[in-house]
Amino acid sequence: MAAEADGPLKRLLVPILLPEKCYDQLFVQWDLLHVPCLKTLLSKGLGLGIVAGSLLVKLPQVFKILGAKSAEGLSLQSVMLELVALTGTMVYSITNNFPFSSWGEALFLMLQTITICFLVMHYRGQTVKGVAFLACYGLVLLVLLSPLTPLTVVTLLQASNVPAVVVGRLLQAATNYHNGHTGQLSAITVFLLFGGSLARIFTSIQETGDPLMAGTFVVSSLCNGLIAAQLLFYWNAKPPHKQKKAQ
């Protein structure tokens with residue numbers, strides 16, 4: 001009877017959240033304080049939670065731009081550098097066969113970030129340029145994921161994430177400071193990105209053991225924290241209304 005009862009639970013947890021040896025350790029031997037297996041369970045759970053949350057994390061930003069019909073306050077250069085960082089993480093992880101739970105949010109964030117890039121260009125009157133950008137990005141992504149791209153190039157792309165994240169976030173911070181407000185920047189998106197990058201420090205160490213991945217998320221957390229702090233600082237600041245000139 002115990003084995004029958006364990007069946008559905010085991011199918012739910014193994015191998016999505018736990019390797020079989022950890023399942024036996026925790027739920028057969030009932031060693032509920034087995035630290036390595038608890039770390040694995042926490043890491044997998046956090047990772048899948050981050051991936052699931054990433055499906056929606058930037059939608060508030062997209063809807064805010066669409067609702068305002070404006071991308072005021074958003075730095076296009078910052079958004080593009082974030083796209084570079086996300087692309088590097090995704091390509092590097094796929095190439096190294098890392099578990100999807102350790103990087104999956106990069107895929108969904110990439111799709112949402114490229115949408116924001118297009119919207120920023122569209123509301124600046126550069127729709128044709130935006131369409132061309134989407135086509136070029138798709139082509140570059142196909143090349144990076146193909147066997148034509150050497151592993152050294154992929155590793156260099158991932159290594160470039162740190163400066164890309166730093167410069168991108170500093171550009172957005174400078175834009176906020178210069179404007180004296182955060183414009184159409186979505187608080188929900190910023191705080192979710194900050195929390196997600198903090199959690200990713202732990203999951204990347206636990207699931208990949210890759211110092212390059214972990215270091216990228218440490219830097220990303222610091223930079224996202226800066227933007228989150230600015231949002232709080234400028235919380236009550238509103239962009240000035242544009243006054244129409246009298247005819």
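Here the Cβ of each residue, glycine as well, is placed from N, Cα and C on the backbone.
Residues annotated as transmembrane segment in TrEMBL: 41-59 (among others). Cβ atoms under 8 Å from those of the transmembrane segment (41-59) belong to residues 16-18, 22, 26, 99-102, 104-105, 108-109, 112-113, 115-116, 186, 189, 192-193, 196, 199-200, 202-203, 206-207 of the same chain, restricted to positions at least 6 beyond its ends.
What TrEMBL lists as transmembrane segment is 71-94 (among others).
According to TrEMBL, the transmembrane segment annotation covers 100-121 (among others). The list of residues near the transmembrane segment (100-121) in space but at least 6 beyond its ends in sequence, with Cβ under 8 angstroms from a Cβ of it, reads 44, 47-48, 50-51, 53-55, 57-59, 61-62, 65-66, 71, 74, 76, 79-80, 82-83, 86-87, 89-90, 93-94, 127, 129-131, 133-134, 137, 196, 203-204, 207-208, 213.
Taken from TrEMBL, the feature transmembrane segment applies to 128-145 (among others). Proximity of distant same-chain residues to the transmembrane segment (128-145), defined by a Cβ-Cβ separation under 8 Å and at least 6 residues beyond the stretch ends, is recorded for 83, 87, 91, 94, 114, 117-118, 121-122, 153-154, 157.
With a threshold of 8 Å between CB atoms, the same-chain residues lying at least 6 positions outside the transmembrane segment (183-202) that come near it are 42-43, 46, 49-50, 53-54, 57-58, 60-61, 64-65, 68, 70-74, 105, 172, 176, 214, 217-218, 220-221, 224-225, 227-228, 231, 239. Look at TrEMBL and you will find 183-202 (among others) tagged as transmembrane segment.
Marked as transmembrane segment by TrEMBL: 214-235 (among others).
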